[in-house]
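Database features, via Swiss-Prot:
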REPEAT    69-95  repeat 'HEAT-like PBS-type 1'
BINDING   HIS71, GLU72, HIS104, GLU105  Fe cation 1 binding site
REPEAT    102-128  repeat 'HEAT-like PBS-type 2'
REPEAT    196-222  repeat 'HEAT-like PBS-type 3'
REPEAT    228-254  repeat 'HEAT-like PBS-type 4'
BINDING   HIS230, GLU231, HIS263, GLU264  Fe cation 2 binding site
REPEAT    261-287  repeat 'HEAT-like PBS-type 5'
Amino acid sequence: MTEEINIDTATLEQLRDVLTNKSGDVKLANRFRALFNLKCVGAESENQDEVHKAIDYIAESFKDDSELLKHEVAYVLGQTKNLHAAQYLRSVLENNNQQIMVRHEAAEALGALGDKDSLALLEDYFKNDPSIEIKQTCELAIERIRWENSEKAKAENLETSLYTSIDPAPPMPSDQESKVEKLQKILNNQDEPLFERYRAMFRLRDMGTDEACLALASGLDDDPSALFKHEIAYVFGQLCNPVTVPALIKTLKDEREAAMVRHEAAEALGSIATDECLPVLQSFLNDKDQVVRDSAVVALDMYEYENSTEI
């Protein structure tokens, strides 16, 4: 059986078979583990043939039914820093049969890759796609690619982040603003360009204090943008600060909230993994939204890992 494969010692082909559920009986959590192992090869191997093979195998999962898995696949491809992934991401963005959350993640990943050849496509979908989540994601990706290739980027004084992720926007320069209160105002000012609000968000993340976390939590309250709120929940999963747990639980429990926000809140609770997170996550295993149910499964696997002897 495929599930008996040791994912940490598996070949690329074995990882592909686990990821794509070739046997038909692989647990979702194990498919995610296979994905992250393939990502390590795609992002870190010096053998370009291996890198391209890992990326090709990862992209096979775009044929899957799982919205959660495909969205994570798109995210991972954006983190490989390899433009070989761009062809797959463009195809997903253009495919209206893919779920909005998957297409959004593909657009964001093109921004993470800094793919200048995708600018025209991103601009087209920014102007013409009916989904606000796709429009806003393309707006951010366009701004990120332009920023990355600008003189401004070379001149900015950015602190080295504790986090290795390639984010939808760079943090605000450390010499531009360092007061939490002012960053919070930029974060929550809906008249500011979304890119600047994201820059404030990632500056607050990198500050990482309880005060900064609570400032970020204020962005979950009344903002109309599901995209914006889902990014805050994602950032909380990186920070793993228990002070954010009440805001995440409130978000997860709010059935009026978009599934893309609630699912990210669930995964963040799995990463934080305090005792109060466990019963909350268990209570969402039968949620009305499939992506929230799947996220609860993955989050509980993360919770078990964080509280085990594996780390």
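Here the Cβ of each residue, glycine as well, is placed from N, Cα and C on the backbone.
Feature map: Swiss-Prot annotations on the structure.
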residue : record                   : contacts (Cβ under 8 Å, 6+ apart)
HIS71   : Fe cation 1 binding site : GLN99, MET101, VAL102, HIS104, GLU105, VAL291
GLU72   : Fe cation 1 binding site : PHE32, LEU35, GLU105
HIS230  : Fe cation 2 binding site : ALA258, MET260, VAL261, HIS263, GLU264
GLU231  : Fe cation 2 binding site : PRO168, TYR198, MET201, GLU264
Task: Mapped DSSP class for GLU72 (Fe cation 1 binding site), helix or strand or coil - done: helix
Open item on the list: Give me the sequence-ordered set of same-chain residues, not including HIS71, GLU72, HIS104, GLU105, with a C-beta within 8 angstroms of the centroid of the Fe cation 1 site's C-beta atoms.
Closed with: LYS70, VAL73, ALA74, TYR75, MET101, VAL102, ALA106, GLU108
- [ ] For HIS263 (Fe cation 2 binding site), list the number of other Cβ atoms lying within 10 Å of its Cβ atom.
- [x] 29
Open item on the list: Are the repeat 'HEAT-like PBS-type 4' (228-254) and the repeat 'HEAT-like PBS-type 5' (261-287) close enough to be called in contact, which here means at least 3 C-beta pairs under 8 A that are separated by 6 or more residues?
Closed with: yes
Open item on the list: Should anything in the same chain at least six residues away from the repeat 'HEAT-like PBS-type 5' (261-287) have a Cβ under 8 Å from its Cβ atoms, list it; otherwise answer none.
Closed with: 68, 226, 229-231, 233-234, 236-238, 240-242, 244-245, 248-249, 251-254, 293-303, 306-307
Task: HIS230 (Fe cation 2 binding site) in three-state DSSP notation - done: helix
Open item on the list: Is it possible to list how many residues within the repeat 'HEAT-like PBS-type 3' (196-222) are helical, extended or coil according to DSSP?
Closed with: 23 helix, 0 strand, 4 coil
